[in-house]
Amino acid sequence: MQILTPQVFWAQRHGEIFLRVELSDASVRQSDPTATSCGLTGAQGHGAKGDNQYEFSLEFLEPVKPEIHQKSTQRQVDIKIRKQDERWWERLTLREKKPLFLAPDFDRWLDESDAEMELQAKEKINKISVESRVRKDPYMGLKKGYLFMYNLVQFLGFSWIFINMTVRLFILGQDSFYDTFHTTADMMYFCQMMAVLEVANPLLGLVKTGFFPAMIQVAGRNVILFVVFGCLDEMQNKAVVFFVFYLWSSIEIFRYPFYMLACIGTDWKLLTWLRYSLWIPLYPLGVVAEAVAVIQSLPIFDETRLFSVPLPSALGHSLSFSYTLQLYLVLMFLGLFINFRHLYKQRQRRYRSRKRKVH
């Protein structure tokens, strides 16, 4: 029996090749596919020249995956082949001259731009489908409203501190260093007591930030504010208070509005850059200022015996609280390393996600 070549029509997408073989009532045996070729052998069916045995072979322009999906109907044989790399081919075969039996499948034919639009539409539909399957949180609006108001209140509080200290610095000069605590302590107390919520928010699932970095920062600041400054009158008139408060507020007037706008899905590029760049010099400087405050307070705690722990007479009179603060100094710089690494990773993730959106 004479072996003939059937008429084959083809079309492509970025990731697939479609072949339509014009054979009716065909009994098809697929030849062993390779990375660069595909064909049919021993296809017994009714073609353009009646009932005959048909064969064809194609050598593709680029490699394809060996798994081939085939479907035979009463009118034709449909073959779907996946490309190794999802890209648009300028032609189907390795040889520039097209085989005589091969023709475009105009029912499925798309230009590259049309295929790109089709791909984007599918991705959009898949995204909508996934989002529709995700169960919506009925309290999401309430959670975002709470977080927005919290960040707004903190932003206003730290802005008041920053502006107050800046104005007093311009008017009084260095004299403003020594009464910073008495003019801004009440607002700083309020803001730092509110900051305790930042430790609770990750535990309640309201934010995705880590619990330990938030706890380290909030606890560290509260030790400085309530214990070192708040309990020692001698520390309240020192210049180090100005530098600690000024560095804290300089960081927070950019951090809180960034989180506030994130609650409503808004992103300001300048604010994002400031939030993820200014903390690099300001955060270590703030820790250094806190360390200076602790070191200056050590002889005062030794002298006043404030918070000292009584000991049996055989061991001595009491254990000075300054030893606890010396241990705290070590933990402070350990916390600096942990928090700095955490914030740096946040910054890297942020800019990687921005690059993906751009591309």
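Note: Cβ is positioned from N, Cα and C throughout, glycine not excepted.
Worth saying up front: this structure is predicted, and the values here are computed from it rather than measured.
Among the features that TrEMBL reports, domain 'CS' is placed at 3-93.
Residues or ranges marked as transmembrane segment by TrEMBL: 145-167 (among others).
Same-chain neighbours of the transmembrane segment (187-211): 143, 146-147, 150, 153-154, 157-158, 160-161, 217-218, 221-222, 225-226, 230, 245, 248, 252, 342, counting only residues six or more beyond its ends whose CB sits under 8 Å from a CB of the stretch. If you look up TrEMBL, you'll see 187-211 (among others) marked as transmembrane segment.
Residues annotated as transmembrane segment in TrEMBL: 278-301 (among others).
Taken from TrEMBL, the feature transmembrane segment covers 321-344 (among others).
Residues 220-221, 224, 228-229, 232, 234-235, 238, 240-241, 243-244, 247-248, 250-251, 254-255, 307-308, 320-322, 325-326, 328-329, 332-333, 336, 339-340, 343 of the same chain sit 6 or more residues outside the transmembrane segment (278-301) yet have a Cβ under 8 Å from a Cβ within it.
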